[in-house]
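K.L.:
Please find one structure pasted underneath; my questions will follow.
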Amino acid sequence: MARGCLQGVKYLMFAFNLLFWLGGCGILGVGIWLAATQGNFATLSSSFPSLSAANLLIVTGTFIMAIGFVGCIGAIKENKCLLLTFFVLLLLVFLLEVTVTVLFFAYTDKIDRYAQRDLKKGLHLYGTPGNVGLTNAWSIIQTDFRCCGVSNYTDWFEVYNATRVPDSCCLEFSENCGLHAPGTWWKAPCYETVKMWLQENLLAVGVFGLCTALVQVVKADTYCA
């Protein structure tokens with residue numbers, strides 16, 4: 001009976017890790033597709049042009065695939081060394097998340113000032129030759145998050161040297177709608193809007209990571225028993 005339960009746990013955890021690995025494959029695939037079709041898609045920072053959505057997805061997907069692969073082999077082979085490696089990797093990811101979160105909250109003001117200054121500098125590259133990725137990124141963010149500019153829509157006035165904004169800032173998109181009155185534009189600041197969205201989603205990722213680590217602890221104890 002005990003052996004049957006152990007086998008059930010083994011195949012259940014193999015299925016879990018397989019899904020984890022497949023998720024990594026999906027993320028990696030999206031990253032490669034973005035890199036191939038959109039170039040430096042979602043590169044908002046002028047100081048760190050390599051910090052693009054495509055690159056982040058490729059690195060994240062590769063890392064998740066590696067963890068999932070180790071977990072799959074460790075579960076199906078009942079290899080304690082691989083299972084321990086898998087657990088350590090998950091623990092490191094969780095500790096990294098905690099460290100980043102603590103540092104973020106400890107230096108929130110400095111990070112906010114630097115990030116907003118850098119993003120505002122990047123606005124001047126919007127629509128210029130060779131910056132298709134940054135242009136696409138701002139257009140998508142302003143449209144999807146219903147916001148305009150870094151701090152507010154007046155950030156764009158310095159870019160255009162006129163009272164206008166990109167068409168992606170408009171409540172109702174139309175050609176050259178950015179030339180209309182401010183009442184037709186989104187008022188929410190993109191920096192704060194996206195920051196709140198990230199904080200909400202990073203919390204969910206952290207909870208998932210903690211639950212996953214706890215599951216792996218239970219699994220390792222089961223195999224070691």
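In case you wondered, yes, glycine gets a Cβ from its N, Cα and C as well.
Computed from a predicted structure; not experimentally measured.
Take a look at what TrEMBL says about it:
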type: DISULFID; residues: C148-C169; note: disulfide bond
type: TRANSMEM; residues: 12-36; note: transmembrane segment
type: TRANSMEM; residues: 56-76; note: transmembrane segment
type: TRANSMEM; residues: 83-107; note: transmembrane segment
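Buried or exposed, and what's around them? Tell me for each listed feature.
P.N.:
In sequence order, Q142, W156, V165, C169, W185, W186, K187, A188, P189, C190 are the residues near C148 (disulfide bond), counting only same-chain partners six or more apart with C-beta under 8 A.
Remote same-chain residues near the transmembrane segment (56-76) are listed as 10-11, 13-14, 16-32, 34-35, 82-83, 85-86, 89-90, 93, 216, 219 (criterion: CB distance under 8 Å, separation of at least six residues from the stretch ends).
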